[in-house]
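If you look up TrEMBL, you'll see 27-278 marked as domain 'Glycosyl hydrolase family 36 N-terminal'. The active site, nucleophile annotation in TrEMBL covers Asp472. Feature annotation from TrEMBL assigns active site, proton donor to Asp541. The domain 'Glycosyl hydrolase family 36 C-terminal' annotation in TrEMBL covers 642-717.
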Amino acid sequence: MGIRIEGNLFYIQSKEMSMIIENKEGDLLLRHIGGKIAKYHGSNAILEKDHAFSGNPTPDNRTFSYDTQRQVFGVHGFGDFRQPSLKIAHANNELTQFKLTSSEILHGAKEATRLPNPHTTEDAETLVLTLEDKVAALELKLYYTAYADCNTISTHTEVRNLSDKAVVINRALSTMLDVPAGNYDMVTLQGAYAREKTVRRQKVEQGIFTVASNRGASGHSHTPAMILCEHTATEDAGSALALQLLYSGNFQAFVQKNQLNEVRLGIGINDDNFAWQLSAGDSFETPVALMTFSNQGLGKLTQESQLFIQDHIMPKQFAHAERPILINNWEATYFDFKKEKLLDLADEASKLGIELFVLDDGWFGNRFDDNRALGDWVVNEEKIGGPLNDLIAEVHAKGLKFGLWFEPEMISVDSDLYRAHPDWAIQAEGRGHTYSRNQLVLNLANPDVVAYIKAAIDKILTENAIDYVKWDYNRNITNIGNGDTYLATQMQSHAYMLGLYDLVSYLTEKHSNILFESCSGGGGRNDLGMMRYFPQVWASDNTDAISRLLIQYGSSYLFPTISMGSHVSASPNHQMGRTTPIETRGNVAMMGNLGYELDLTSLPENDKEVIAAQVAHYKDIRPVIQFGKHYRLINPEQGSNEAAVEFVHEDKVVVTYVRTLSTIETIETTLKLKGLEEESLYRLQETGQVFSGAELMYAGLTVVLPQGDYLSKQYYFVKQ
Ligand code: GLA
């Protein structure tokens, strides 16, 4: 475990994962990334063949070409025709050929400045590789951190300008990896508003396949993550490597297969809308990337990724704290509420056992609809019937915690803030605005703007007894042009992210007792950069239980269940118009952090009884869902009719099965459970029946449902 340097080999070893880099006369070559190898002996003959049209950097050696070497970083323009890791404009070109000058082992990590970083434990170690390009007068540092408790290695990169002139970075990936030629699949999480994180698996073919965002946020359409797995890998077998980025802005992740079937992976900030002027003596640090490995299939990769994120990314005080069951007034009232309505809702919630009341959009300034008042963070006392703290006291008196919605990064043209500071919006001179939900984005690249938002939000959080914050972000960025030069504008998108991380790290550290949930029209910024500060995310504005099967499947593919807010809403559903039984709405929402988002005051008595039972039951199973190991039993792929997930925690097991449409064939389904002890006995709580672990895993659990659409069943076992 940890970092070892032996001769010209660098070993970076996490729990069951190794990365081995060779120093070959100053060039860094990736010998292995994958399962643990304690000692590496080999060298790979095919890499020493003469390949036509691949450049040789030395005249007397026709078998060495950067084009066929498996590399990690830093060489561009010397005969490697694949995607570069770095593009830095210096003198009259972008050539770089970094050579290793020194290496060092650090205890703990070297954190990326002003960016989100993983938490490290005592036994984490970091390898620092320092390289130099003497012609360009640039230094490059590669940081690789190994963790004893996870199959993840984290990494980032730093470029320093050693010359006396400014240079311009046009690309700086966080990591690049060349893996052996082979037959691979690529798994990515793709989507749209209200259809976030659809799992897509496709074959890696010759060419380049990229997922990216140039929206100023990671976006609904792609997640800053990419999984490369063997073409034959299944849930339970085969190797898989995930790359993920701790960044919430413009990103790119690509896989490239070249003419020799060699495969290169890269992840980092998107080149689009990006350049970074690096003055003499200055350095630039990339966001941190994670590399997570499994040689027991995609199921184990999920578990490893979930484990790392829960233990090393989320704020520590919330990573292992049970999350409150909430009621949110958005789909219950939208903007149409007064104090009485809110208190009626809170009253009903409290009777049903719900633990947290969240007041969503519409409580501030002149915010009677979504066309105005963003930026005016002043309580509208007329609307909420007096000071905010009075309302909070009344909610607290009912035994509920209190949460509040904000959208701090935005500004409405119809707002006092815009009237005072029109120049604070992101915009380009002479171009007018491009609107989205009638709002503009504040320029967080400007420290004055960050200072204003810090003070405005801090004031409300300090003066009021708030337990939870929903931090929304409801448009993407356009009209970028606030810089006084072209280069200054090219730096704006990344500078925005640095401003955002400054803002959220300040507020979450100062108010460390408040549970923050991030939201961007649902999951429009559901990434590890935000999760480092906000341990919960509203996974989608689509609250339809059947749509949620796919969204929650995709969200949990890499992210821990405890990160995912999941609500029971009205039927027919407001987004999809679908009518779904209250039991199935509850069973699906219980596969995440349970909440309710509907008008409880107007529900039939029977629904209220079911909800009270769901809430009481969820309190029992909550640790299993939020801290348990996650196993996929049946995947709700596009067009599939069934889904099943299992959670195992200590001596408890929860299995949820959902059948979308009634068919003749699926009246009976057998689920083979996973991760149980063969000899142990498990008692099904509902009926008292006892099964052995072996029976449940090898003979399976047979689910029988009556005919009917959108039916589901949840099973709760306790080990005897
Ligand atoms: C976004 C969020 C919703 C709600 C509204 C309020 O769409 O995703 O949950 O908060 O904003 O305007």
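Cβ atoms here come from the backbone N, Cα and C positions, even for glycine.
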Rounded to the nearest Å - Cα separation of the residue listed as 'active site, nucleophile' and the residue listed as 'active site, proton donor': 12
Residues that sit under 8 angstroms from the residue listed as 'active site, proton donor' by C-beta distance, when 6+ apart in the chain: Tyr193, Ala194, Gly521, Gly522, Gln575
Count of other CB atoms lying within 10 Å of the CB belonging to the residue listed as 'active site, nucleophile': 23
